[in-house]
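What TrEMBL records for this protein:
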- 47-67: transmembrane segment (TRANSMEM)
- 79-100: transmembrane segment (TRANSMEM)
- 121-150: transmembrane segment (TRANSMEM)
- 170-190: transmembrane segment (TRANSMEM)
- 202-221: transmembrane segment (TRANSMEM)
- 241-262: transmembrane segment (TRANSMEM)
- 274-297: transmembrane segment (TRANSMEM)
- 317-343: transmembrane segment (TRANSMEM)
- 372-391: transmembrane segment (TRANSMEM)
- 397-417: transmembrane segment (TRANSMEM)
- 429-451: transmembrane segment (TRANSMEM)
- 457-476: transmembrane segment (TRANSMEM)
Amino acid sequence: MVADMDGENRKRSICSRQEPLAAQKIVKDGNNKRDEIPDRVTLKKEIGLLSACTIIIGNIIGSGIFISPKGVLEHSGSVGLALIVWVLGGCIAALGSLCYAELGVTIPKSGGDYSYVTEIFGGLVGFLLLWSAVLIMYPTTLAVIALTFSNYVLQPVFPDCLPPYMATRLLSTVCLLFLTWVNCSSVRLATRIQDVFTVGKLAALGLIIVVGLVQICKGNYEGLTPQVAFEFSRTPSVGQVALAFLQASFAFSGWNFLNYVTEEVVEPRRNLPRAIYISIPLVTFVYTLTNIAYFSAMSPEELLSSNAVAVTFGEKLLGMFSVIMPISVALSTFGGINGYLFTSSRLCFSGAREGHLPSLLAMIHFKNCTPIPALLCCCTATIVILCIGETHNLINYVSFINYLSYGVTIAGLLYYRWKKPKLYRPIKVNLLVPVSYLLFWALLLGFSLYSEPVVCGVGLVIMLTGVPVYFLGVHWKTKPKCIYDFIESATYVAQRLCFVVFPQFDPIEISPIEEWPNKSSDTLSGNS
């Protein structure tokens, strides 16, 4: 899987074996119609402010708000504490997103956490984040969202029982394959789908919120009064509260995903931070009101016993129109799948460009300018996870790895400030922001490790399995010639099949601006 793209391997790449495909003609159909590859093949900047906001909102609002309320309530032990966890979860995501806004405009590369950590700490640490993300984190999250989609679509067909195992897997696979085809065909089409379905999922949550507010106006808010809301079914330990935050973090995961496609954002230094400032508060507000709506209609016992919280909510309050709810949730998760495919494929693309994954994954279609090999890799990994079995048990593993990568990245922000104090930073957040996030991060992971050592231990083991892979696949520069020949031949064949070439990059766009001794970033950013 991992290929070294430095030294001798670069010399033996396919561009040295054949005339570079960027200069060749590729047969497109059976009539021998040939199209010249454009002189410059590169990622297109087609993501404006609206699409940037919908990428963040669409990736955050996937299946989490329809799955995590049960886990948050179970671990927190009361309605009141569960609502506090949701609000604080949004605040923590806001702190993290402010730090990522600074990193995103200082190191304007696609790839998010991976690109920043690689730039700051070097190849090994970056590769470990990449390894855990590609191996388990994003395929599992995609699988959970796809299964949520299929469960809600099939719920009306099987009203009295759970949908069959094979039916949910087949529908999830069909959905993944279709959206992979869309993302391979056009960046513009993929972002338009994201725009439409983000509006749809906000409308679905808006329906839940409005119905809940109507219930409250009718006086059905006994469960939300302080006396009842803070009535604990059991006294939660600090470790249990930490696990409640991990469950909430799964619902908020995706707040950093715009950073994965920085190179495709129009005017990223302006639109990236704006999109973050708009999206995170909006999602936190919507999530909190959605949970208030749930608790206005359902008792804690009803919510904990429900396998589909939104469907149970609809059945109680919408009567004959309750079918609207599973359809709305299905549309929401459909948009979530599209967003995760779009952004996670760019992580594979960035990893290959740095030489940490096979070079094929760093290629894009010569005409559509889409990273087809990276998209196919993400789709295949997700289908494998779907076939393995139950994926919901992996949410805690994913949340732990997520939080671990966030903390390492934000710690890198502080180290980078110390390492390159004169580097021009269009945005420079107050020092209290990353410090506050890291304090919360350390407490959360510490108590999670104490409360669930097996879950957290497995997460660490998954990440550390990348160490030998890194040294064998990336660091080892003198591999036998037969390995290089095999990689070269396989890449060449795949390149022909997918019609992909290496893109051309503007170095100014993908490299951080070096020191500007005559300018003050504090003055330009307006922050201290």
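Along the chain as shown, the residues are counted starting at 1.
Cβ atoms here come from the backbone N, Cα and C positions, even for glycine.
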The transmembrane segment (241-262) vs the transmembrane segment (170-190): 3 or more CB pairs under 8 Å: no
Cβ-based contact of the transmembrane segment (170-190) with the transmembrane segment (79-100), 3 or more pairs under 8 Å: no
Intrachain residues whose Cβ lies under 8 Å of the transmembrane segment (372-391), provided they are six or more past its termini: 134-136, 138-140, 142-144, 146-147, 169, 172-173, 176-177, 180, 183-184, 341, 344-346, 348-349, 352, 360-365, 494, 498-500
Interface check, the transmembrane segment (317-343) with the transmembrane segment (429-451), three or more C-beta pairs under 8 A: no
For the transmembrane segment (274-297), distant same-chain residues with Cβ under 8 A (at least six beyond the ends): 49, 52-53, 55-57, 60-61, 65, 69, 79, 82-83, 86-87, 89-91, 93-94, 97-98, 100-101, 202, 205-206, 208-209, 211-213, 215-216, 220-221, 223-224, 229, 251-252, 255, 258, 303, 309, 313, 316-317
The transmembrane segment (47-67) versus listed stretches 79-100, 121-150, 397-417, 429-451, 457-476: most Cβ pairs under 8 Å: 121-150
Recorded stretch that, among 79-100, 121-150, 397-417, 457-476, has the most CB pairs under 8 Å to the transmembrane segment (429-451): 397-417
Interface check, the transmembrane segment (397-417) with the transmembrane segment (457-476), three or more C-beta pairs under 8 A: yes
Same-chain residue ranges lying at least 6 outside the transmembrane segment (121-150) that approach it to Cβ under 8 Å: 62-63, 66-67, 113-115, 163, 167-169, 171-173, 175-176, 253, 329-330, 333-334, 336-337, 340-341, 344, 347-348, 351, 354, 356-357, 377-378, 381-382, 384-386, 391-392, 394-395, 397-398, 401-402, 405, 408-409, 412, 415, 459, 462-467, 469-470, 474-475
Same-chain residues near the transmembrane segment (457-476), Cβ under 8 Å, at least 6 residues beyond its ends: 1-4, 123-124, 127-132, 135-136, 355-356, 397, 400-401, 404, 449
